[in-house]
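According to Swiss-Prot, the Zn(2+) 1 binding site annotation covers Cys156, Cys159, Cys213, Cys216, on the basis of sequence analysis. For Cys173, Cys176, Cys199, Cys202, the entry in Swiss-Prot reads Zn(2+) 2 binding site, with the evidence type sequence analysis. Annotation source Swiss-Prot lists domain 'J' at 6-70, citing sequence analysis. Annotation comment: Swiss-Prot describes 156-163, 173-180, 199-206, 213-220 as repeat 'CXXCXGXG motif'. Taken from Swiss-Prot, the feature zinc finger covers 143-225.
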Amino acid sequence: MNKKEDYYKILGIDKSANEKEIKKAYRKLAMEHHPDRSSSKESEAKMREINEAYEVLSNPEKKAIYDKYGHEAANNPGFNGFNAGSAGFGNFGGFSNFGGFDSIFEEFFGGSRSHSKQNSNYPYPGESYSTQVKISFLDSVHGRVISQKLDKYKDCESCNGTGARSKSDIKTCSTCNGRGSVEKLVNSLFGKIKQSVTCSTCNGLGQEITHKCPSCKGAKKIKESISQKISIPAGVISGQEVLLRGFGGPGFNGGPNGDLYIRVYVTEHPYYQRINDDIYVDFPISIVNLILEKPVVVPTPYGDEKIKIKSTFKNDQIITFKGKGFKRKNRVGDLKIRLKFEIPNFSSKVKKNLESLLSETNDSINEDFVKKVNSIK
């Protein structure tokens, strides 16, 4: 008998992979190899292999046994949780243990699984919504609270969320007998098979309402506009999302509302530039201040600061102000000013005075540099 391939290798993941990573890997492979989506002759066998690996690794109990005992545990009925049969992990010829390709595939991609809200009369959360907001650069430094009118769904108070005029108006669906789904024969690669589809009479709810609530018209929920405070955290990065729970679409069958994701966009500042959690700014310095070593005022997002200029400073030199950058939970950035020397506009009188004064200065900077360059052979 051929040795089974390692389940982690089949899904292309490490042993340290978490539940989310396992599911993501399965989804990708299922999209590629599912017989309904692939024309490859090997896709059917490959999909069996993928299903087997996912069925084990997605179950914490089965995964723990597999990690400790390997494939042999599959052939031992004494290992609880594997439901092992005489052919290893069940009869793959009929897909009895895994419900065929579709049992797991449809969990991800829709279809006849009970996980789908269209096919289930169980509580199901509403759809999540998204929107966006623009804030200034300084708002992203300090954070901001925005008051905004938002729509939120709540149970209709007139019918207590039943959608019916009265309790006596709620009947079990006569078509599906309360299941929310009906079975029909469909053509497949394996011939005609039974497929569970949403009951068209009750739309998967399992109930019929003879007289709808006059307030919500049978929707069970009503939409109200409320003033909501949205907290934008200090240090927010442009494109980052803020979550508001319960401000999405209405839940199904008593399920919770969906959520609202607010994507925050930060407008550019004409002078400040963000790099990671630091703030950079080109800072002009007059050569007069440089020569006289005068103190100058530096603007920061937290207020003005003073520094004393030294004649030893170089053009493009960076001076750091600790803790004056972005402040987030795990890190505090700095403000970094890049010195840019500038010559002020002197009046004619000042220029003459400077010329007279500087002519007496022994300035050999240019000559010294030329000599250094020419001395190199």
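Cβ atoms here come from the backbone N, Cα and C positions, even for glycine.
A 10 Å cutoff on Cβ-Cβ distances gives Cys176 (Zn(2+) 2 binding site) a total of 22 other Cβ atoms nearby, all chains included. Counting only same-chain residues six or more apart in sequence, the Cβ atoms lying under 8 angstroms from the Cβ of Cys156 (Zn(2+) 1 binding site) belong to Gly163, Cys213, Ser215, Cys216, Ala219, Lys220, Lys221, Ile222. Secondary structure by DSSP for the repeat 'CXXCXGXG motif' (173-180): 0 helix, 0 strand, 8 coil. The Cβ of Cys159 (Zn(2+) 1 binding site) lies under 8 Å from the Cβ of Arg165, Cys213, Ser215, Cys216, Lys220, each on the same chain and at least six residues away in sequence. DSSP assigns Cys159 (Zn(2+) 1 binding site) to coil in the three-state reduction, placing it in neither a helix nor a strand. Look at the zinc finger (143-225): DSSP puts its residues at 3 helix, 41 strand, 39 coil. The repeat 'CXXCXGXG motif' (156-163) scores a mean pLDDT of 90 in the predicted structure. DSSP assignment over the domain 'J' (6-70) gives 46 helix, 0 strand, 19 coil.
Each of Ser174, Thr175, Asn177, Gly178, Arg179, Gly180, Ser181, Val182, Ser200, Thr201, Asn203, Gly204, Leu205, Gly206, Gln207, Glu208 belongs to the same chain as Cys173, Cys176, Cys199, Cys202, is absent from that list, and has a C-beta within 8 angstroms of the C-beta centroid marking the Zn(2+) 2 site.
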